[in-house]
Amino acid sequence: MLQQIYDFLNINYNVSRETFNKFKEYYSLLSKWNSTINLVSATTLQNFWQRHIFDSIQLLNYIHNKDIIVADLGSGAGFPGVVLSISGIKNVILIESDSRKAAFLLQAAQLSDQKIEIINDRIQNLKVKCDLVTVRALANLSTILSHTKQFTVKDKYLILKGKNYQHEITQALLHNKFNYTLYQSCTDDSSWILEIRI
C-alpha cells in the first residue's frame, strides 16, 4: 500500500524517498498530537494520504515556481502549508490564531528543509506580503477576501472548496472584483480548487 502511494507521489509530483519519509513522520506527529487537541477528525486521519497529503500536494499543479512566498491561512494541522513546504516551496507563512495548533505547527515545521514562519494571530490583524495565498477548510470566500484586504498578494489565491463553491463565488462577487478559474479536485468529485486573481 505505502509503495503504491510513494509511486503515485513520485510519478505525479516528483516526490523523493526522503520527502515521502518526512510525510510518514508527519503522520506520526499528527497522530500523537491529535489525541490531545483536535487537529483533524479521526476518520480523515485514517485516510491520511488521500484526504490530507494528496489533497494538499495537488496544488503544486497550479504553482509553477517553488521560489515564492506562500501565506497559508488558518493552517491548523498544516494542510496545505506544511505539505507544500516539505514538497519544496521555498518560503511558507503559516497563519493560525489557535495557540495550541500553532505549537503543533512549530513541531511540524521542523520536518521541512525550507523556510517556514508561524504567525499566531488572527488573519485580519496582519499585513502580509506574499506571492500566493492558500486556504483549506477555513471560511467562506467573502470572509477570506475581507480578512485579507490588507494583504499584498502578487499572484493569486488557491482555495480548496466543497460543493457550495458556486454560491460562495456569487456572494463574494457582490462586494469584490476578481477573476476566477475552477479546477476539479483530484481527490474528491465534489471538491474544487478555486484560483482567484484580484
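Glycine is no exception: its Cβ is also placed from the backbone N, Cα and C atoms.
Going by Swiss-Prot, these are the annotated features:
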{"type": "BINDING", "residues": "Gly74, Phe79, Ile123, Gln124, Arg136", "note": "S-adenosyl-L-methionine binding site"}
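Whole-number maximum of the Cα to Cα distances across the S-adenosyl-L-methionine-binding residues Gly74, Phe79, Ile123, Gln124, Arg136: 20 angstrom. Listed in sequence order, Ser146, His147, Gln150 are the same-chain residues at least 6 apart in sequence whose CB falls under 8 Å from the CB of Gln124 (S-adenosyl-L-methionine binding site). Taking a C-beta cut-off of under 8 angstroms and a sequence separation of 6 or more, Phe79 (S-adenosyl-L-methionine binding site) has the following same-chain neighbours: Val40, His52, Asp55, Ser56, Arg136.
Secondary structure at Arg136 (S-adenosyl-L-methionine binding site), as computed by DSSP, is strand. In this structure, Phe79 (S-adenosyl-L-methionine binding site) belongs to neither helix nor strand by DSSP; it is coil. A simple way to gauge crowding: the CB of Gly74 (S-adenosyl-L-methionine binding site) has 21 other CB atoms within 10 angstroms, across all the protein chains here. Other C-beta atoms found within 10 angstroms of the C-beta of Ile123 (S-adenosyl-L-methionine binding site) number 24, with every protein chain shown included.
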